[in-house]
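TrEMBL annotations:
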{"type": "ACT_SITE", "residues": "Cys81", "note": "active site, nucleophile"}
{"type": "ACT_SITE", "residues": "His193", "note": "active site, charge relay system"}
{"type": "ACT_SITE", "residues": "Glu195", "note": "active site, charge relay system"}
{"type": "BINDING", "residues": "Gly49, Glu50, Ser51, Arg111, Ile145, Arg146", "note": "L-glutamine binding site"}
Amino acid sequence: MRIRIGVLALQGSFREHMFLLQKIPGVEAVEVRTKEELESVAGLIIPGGESTTMALVAERWGLLPELQSFAKAGKPVWGTCAGMIFLAEAAEGQKKGGQALLGGLDITVSRNFFGAQINSFETRLPAPDCIKSYGSTEDFRAVFIRAPAVLSAGPEVEVLAEYTLMPEEAVAYGRDKVIVAVRKGVLMATAFHPELTTDLRW
Ligand SMILES: NC(=O)CC[C@H](N)C(=O)O
């Protein structure tokens, strides 16, 4: 039996997630745009993109409450980048008037922590145990595109990856590192984009 995994396909890098999901044996990848499509999947990926736009489209299409109940029902959700912001309980650096968040993950994120598009970068980070269990124990490539970072996380949130700041950043932010991947139960969020690498472990 194949497991149906949905990718929220309102905006952003959903095609890249679909492409990689289709390479995983036993997975049926489904683009999710409607309530019916959402109800048909066992788990959901919220891709990177622009979290304010994604929230607006979800609101206009009446999908926001459906997405909220999906996460509340204990179904697995993984948010990458904008998806991480969407899953957060609180976000700093929001547009005027705020933006709708799905919530569910007890984290506060800074929306554009790593700066503008031009400050996007790639690095290698140590693989957490849950990723190592899917094959190799090698570091993973972490692609940050106008990426958020987690400023604080609740006590039940498991930290999966952290990024060490440059000395001048450390001074500016008064901290040595920031959290870039978290998990709480079946909710997971990564500030980077594993769908842009060929590493299927995430
Ligand atoms: N690559 C991304 O998903 C960028 C997210 C962006 N920082 C936002 O606020 O939505």
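Note: Cβ is positioned from N, Cα and C throughout, glycine not excepted.
Within its own chain, Gly49 (L-glutamine binding site) has Gln11, Gly12, Ser13, Cys81, Ala82 as residues 6 or more apart in sequence whose C-beta sits under 8 angstroms from its own. Here the recorded positions are Cys81, Ile145, and the one with the most other Cβ atoms within 10 Å of its Cβ is Cys81. Annotation note: Ile145 (L-glutamine binding site) sits in a coil segment as assigned by DSSP.
Taking CA atoms as the reference points, Ile145 (L-glutamine binding site) and His193 (active site, charge relay system) are 8 Å apart. Ser51 (L-glutamine binding site) sits 14 Å from His193 (active site, charge relay system), taking the CA atoms of both as reference points. Listed in sequence order, the residues of the same chain lying 6 or more apart from Glu195 (active site, charge relay system) and placing their CB within less than 8 Å of its CB are Ser13, Glu16, His17, Phe19, Leu20, Pro47, Gly48, Thr80. Same-chain neighbours of the L-glutamine site beyond Gly49, Glu50, Ser51, Arg111, Ile145, Arg146, judged by a C-beta within 8 angstroms of the site's C-beta center, are, in sequence order, Gly12, Gly48, Cys81, Ala82, Ile85, Asn112, Ala147, Pro148. For His193 (active site, charge relay system), other Cβ atoms within 10 Å of its Cβ number 24. With a 10 A radius on its CB, Ser51 (L-glutamine binding site) counts 31 other CB atoms from all the protein chains. Summary: among the binding-site residues (Glu50, Arg111, Arg146), the fewest other C-beta atoms within 10 A of the C-beta are counted at Glu50.
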